[in-house]
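J.: There's a structure below that I have some questions on.
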Amino acid sequence: MTKNIHDQRILILDFGSQYTQLVARRIREIGVYCELWSWDVEEADIREFNPDGIILSGGPESVTEENSPRAPQYVFDSGVPVFGICYGMQTMAEQLGGKVATSTEREFGYAAVQVTGESALFADLETTQDVWMSHGDKVVEIPADFTKIAETDTCPYAAMANEEKKYYGVQFHPEVTHTKNGLKMLENFVLNACGCEGLWTSASIIEDAVARIKEQVGDDEVILGLSGGVDSSVVAMLAHRAIGDKLTCVFVDNGLLRLNEGEQVMEMFGDQFGLNIIKVDAEDRFLDALEGEAEPEAKRKIIGHVFVDIFDEESKKLKNAKWLAQGTIYPDVIESAASKTGKAHVIKSHHNVGGLPDDMEMGLVEPLRELFKDEVRKIGLELGLPYNMLYRHPFPGPGLGVRVLGEVKKEYCDLLRRADAIFIEELHAADLYHKVSQAFTVFLPVRSVGVMGDGRKYDWVVSLRAVETIDFMTAHWAHLPYDFLGKVSNRIINEVNGISRVVYDISGKPPATIEWE
């Protein structure tokens with residue numbers, strides 16, 4: 001009998017660390033299902049979830065403060081292995097009888113940890129480990145039934161363990177790539193201490209999702225808004241595998257897409273994969289609605305409202321459609337849940353996080369709501385979607401509507417599309433595209449004097465933007481070679497009639513945002 005991929009599970013309690021979602025992604029990489037919940041979860045919820053192990057994340061608070069977060073007592077009464085990371089180790093130590101003190105100097109950055117004792121956590125690892133530290137407090141006395149298993153020159157208890165209960169604590173962050181063997185430590189905890197197997201694979205996720213879609217919708221028809229982006233594309237492939245022609249995709253070409261994107265979506269999903277697609281050519285409708293509007297937030301709202309209106313109209317034509325499929329992913333669920341309840345553990349509740357009207361009277365099909373973006377891409381590859389589509393740089397929902405600064409006009413969009421296509425084409429040709437995190441072109445609604453042949457011309461300006469980032473929360477501008485930038489600039493000015501000047505944006509985030517609007 002095939003094992004259910006959700007049967008083995010790890011619970012991660014979030015104490016507010018910027019790395020907490022990264023912990024969850026690492027556990028999934030190991031091949032084990034996990035969920036991320038707020039630290040103040042009710043005991044009954046943990047009992048119902050019935051985890052094979054619990055991880056206490058890092059966090060910005062100080063255990064030495066009176067009202068700082070604590071793990072629920074049931075964590076230590078449940079009988080399952082527990083792994084405390086940074087703040088998680090500190091609250092574990094303090095709650096189980098140890099002592100934590102505020103350090104005179106904050107430890108931040110690389111550190112060499114000396115493994116001082118035998119421990120299942122460090123099985124098959126060297127006695128010296130390069131790790132990433134980020135803490136102010138530190139454990140100064142471990143609980144009576146714990147042993148020290150690692151130290152640094154400035155941190156006497158860099159790791160501790162109660163091997164009998166399978167409780168482990170580390171003062172560093174094993175989830176970040178800076179900790180060289182961090183993934184191995186997490187594997188030792190999840191696979192060895194907790195006894196989990198690697199059931200969570202791309203193939204098994206697809207099999208599970210297809211079965212769940214079939215069970216959920218039965219013989220009913222399903223409608224999906226297909227944008228050509230990663231999430232909706234993967235949902236389309238999963239739903240089509242599950243229910244075939246009972247899926248109808250609605251693709252709205254709003255005139256704000258990249259060069260030839262509409263044709264590419266129809267060719268790939270209609271001609272190549274054989275999906276039922278209704279294409280709505282709505283360029284005029286969107287541009288008419290945007291006429292005269294220059295304020296970015298207002299433009300976003302207009303584009304969103306027009307899309308919803310069109311989708312609503314098309315869905316009403318499909319009398320038998322009882323279900324709406326959406327590309328909601330796990331970070332959307334976490335963010336939406338936290339904003340509504342202050343807690344992140346409502347993965348089971350089916351609330352609409354996609355902005356479509358609540359009166360559509362359809363059930364929601366959200367096969368990606370348990371998945372992180374990197375997992376979505378991996379199952380997309382398994383489903384046969386092309387690498388270059390799945391790993392394409394992020395593109396904003398409003399499309400060129402927020403990359404044309406100020407008022408959006410067809411002329412501006414056409415110029416921007418062609419300039420951006422040249423930039424992206426040259427990035428691929430120079431093998432630079434996948435070395436930057438995001439690259440695009442922005443249309444500036446200002447004219448600049450240029451020289452063409454013997455004459456002068458007075459045409460528009462575009463800006464090239466390329467950034468390097470890990471999490472898109474902060475970003476550095478990409479130091480692209482001057483020769484490369486020169487080539488792109490020359491091509492745009494020579495090939496796109498109407499553009500006389502190309503500039504390169506060298507702003508970091510912060511203070512600037514990645515997108516201009």
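Placed from the backbone N, Cα and C atoms, the Cβ positions cover glycine too.
Swiss-Prot feature annotations, pasted as is:
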- Cys86: active site, nucleophile (ACT_SITE)
- His173: active site (ACT_SITE)
- Glu175: active site (ACT_SITE)
- Ser227, Gly228, Gly229, Val230, Asp231, Ser232, Ser233: ATP binding site (BINDING)
- 9-199: domain 'Glutamine amidotransferase type-1' (DOMAIN)
- 200-392: domain 'GMPS ATP-PPase' (DOMAIN)
J.: If you count the C-beta atoms lying within 10 Å of each candidate's C-beta, which of the binding-site residues Gly228, Gly229 ends up with the smallest number?
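T.: Output over binding-site residues Gly228, Gly229: least Cβ neighbours within 10 Å is Gly229.
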J.: Closest of the active-site residues to Gly228 (ATP binding site), Cα to Cα, picking from Cys86, His173, Glu175?
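T.: If we rank Cys86, His173, Glu175 by Cα distance to Gly228 (ATP binding site), first place goes to Glu175.
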J.: Near His173 (active site), which recorded positions out of Cys86, Ser227, Val230, Ser232 have their CA within 10 Å?
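T.: The recorded positions passing the 10 Å Cα test are Cys86.
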J.: Within 8 Å of the Cβ centroid of the ATP site residues Ser227, Gly228, Gly229, Val230, Asp231, Ser232, Ser233, which other residues of the same chain have their Cβ?
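T.: Other same-chain residues with Cβ inside the cutoff are Leu226, Val234, Val235, Gly327.
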J.: Of all the recorded positions given, Glu175, Asp231, which residue's CB has the most CB neighbours within 10 A?
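T.: Result of the Cβ crowding comparison: Glu175.
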J.: Let me check the 10 A CB neighbour count of His173 (active site). How many other CB atoms are there?
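T.: His173 (active site) is surrounded by 24 other Cβ atoms within 10 Å.
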J.: Do any residues at least six apart in sequence from Val230 (ATP binding site), in the same chain, have a Cβ closer than 8 Å to its Cβ, and if so which, in order?
T.: Gly327, Lys373, Val376, Arg377, Gly380, Met389, Leu390, Arg392
J.: Sequence gap of 6 or more, C-beta under 8 Å: which same-chain residues meet both conditions with respect to Cys86 (active site, nucleophile)?
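T.: Result: Ser17, Ser57, Gly58, Gly59, Ser134, His135, Val170, Gln171, Phe172, His173.
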J.: Within its own chain, what residues at least 6 apart in sequence put their Cβ under 8 Å from the Cβ of Ser227 (ATP binding site), listed in sequence order?
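T.: Long-range Cβ contacts: Ser233, Phe251, Val252.
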J.: Can you check which residue among the binding-site residues Ser232, Ser233 has the largest number of Cβ atoms within 10 Å of its own?
T.: Ser233
J.: Given Gly229 (ATP binding site) and Glu175 (active site), what distance in Å do their CA atoms have, once rounded to a whole number?
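T.: Cα to Cα, Gly229 (ATP binding site) and Glu175 (active site) are separated by 28 Å.
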J.: Determine, from DSSP, whether Asp231 (ATP binding site) sits in helix, strand or coil.
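T.: It is helical.
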